[in-house]
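Here is what TrEMBL says about this protein:
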ACT_SITE  Lys17  active site
DOMAIN    75-153  domain 'GHMP kinase N-terminal'
BINDING   Pro103, Val104, Ala105, Gly106, Gly107, Met108, Gly109, Gly110, Gly111, Ser112, Ala113  ATP binding site
ACT_SITE  Asp145  active site
DOMAIN    218-291  domain 'GHMP kinase C-terminal'
Amino acid sequence: MSLAETFAPVRVRAPGKINVFLEVGYLQDDGYHELATAFQAVSLFEDVVASPAEGFSMAVTGSVALDGVPVDDRNLALRAARLLAAETGYEGGVHLDVHKQVPVAGGMGGGSADAAAALVACDALWETGLSSTDLQRLAARLGADVPFALMGGTAIGAGRGDRLSPALARGRFDWVLVVSDEGVSTPAVYGELDRHRERHRVDIGPIRDVPEVDADVLHALRAGDARMLASSLRNDLQAATLHLRPDLAPVLEQGEEWGALAGIVSGSGPTLAFLCGSPQEALDLQTRLSGAGHEALHVHGPVPGARVVP
Ligand code: ATP
């Protein structure tokens, strides 16, 4: 019996994310910043199909521009598969077909979602039977946003964003995303933030030793209250991203003028996320932004983390 006859391919879907709160602490000696963040998984998904193979290979397709996405061992999905094999002693291989909807280098954790999906898909394909705790541990070794893509829903992240605790959340939040053709590099945004803080030391006041998610954000998520959440959205990377991409600032203003409760840069950007008061308000905003020539998508959150789909 061939490999293909032994194991049927496994399809896993994992979500992109929006940071509804992101406080960035001091630059640490190891080059990373201490973060406090609140993640919401949204209905923009990455699909990974894992098929039996002798070695490790992959292909990438998608509804987004795929420039800069490697299809070798630099790809987080392939690294996830190799890590799982190494940790479990599995001696076979896998072919991964990744279908991307999350904008590349868009600040929505697309690569991390691919890695989370690959872990779950290979665990199912190879019948390695890891517990969710084991999978979370491997996820954290792959990247700071990978544990959240595995968990999904709504969660608070500490450390580099990878020390997760689930947050209580009710209801549904409607968002309109404005996607850029070109991504920005996350390290470049952090570099810009550090330079900005150096230049404006006095004006921006003290940076907290231990960043913490505001109580108002937790309250708004628990209550499922979009208006309350809109008034407490925060992203410390936003100023740095807008400095690198000044073209985005007028779009943020436009979205708010056209009916969003609030707009924010998603993570390190350049994707913009507009929180809306209802599905209908989101549709109206999407239509207006699309009419003005932007690539605008209507999504909602929270949605589940990486899971096998039929
Ligand atoms: P984050 O906000 O988590 O830093 P992002 O969402 O802004 O990430 P990604 O699309 O996850 O950005 O990827 C950033 C870079 O990582 C890409 O430009 C690419 O070079 C590399 N990369 C590695 N694996 C992947 C993958 N599976 N999908 C997309 N990019 C990947």
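Glycine too: its Cβ is placed from the backbone N, Cα and C atoms.
On the structure: features taken from TrEMBL.
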residue	record	DSSP class
Lys17	active site	strand
Pro103	ATP binding site	coil
Gly109	ATP binding site	coil
Asp145	active site	coil
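Across the domain 'GHMP kinase N-terminal' (75-153), DSSP classifies residues as 46 helix, 9 strand, 24 coil.
Separating the Cα atoms of Ala113 (ATP binding site) and Lys17 (active site) is a whole-number distance of 9 Å. For ligand 1, the neighbouring recorded positions among Pro103, Ala113, Asp145 are Asp145, by Cβ distance under 6 Å. Within the same chain, residues at least six positions away from Gly107 (ATP binding site) with a Cβ under 8 Å of its Cβ are Val184, Thr186, Thr241, Val265, Ser266, Gly267, Ser268, Gly269, Pro270, Thr271. Look at the domain 'GHMP kinase C-terminal' (218-291): DSSP puts its residues at 43 helix, 11 strand, 20 coil. Taking a C-beta cut-off of under 8 angstroms and a sequence separation of 6 or more, Ala105 (ATP binding site) has the following same-chain neighbours: Gly68, Gly183, Val184, Ser185, Thr186.
When the binding-site residues Pro103, Gly109 are scored by other C-beta atoms within 10 Å, Gly109 scores highest.
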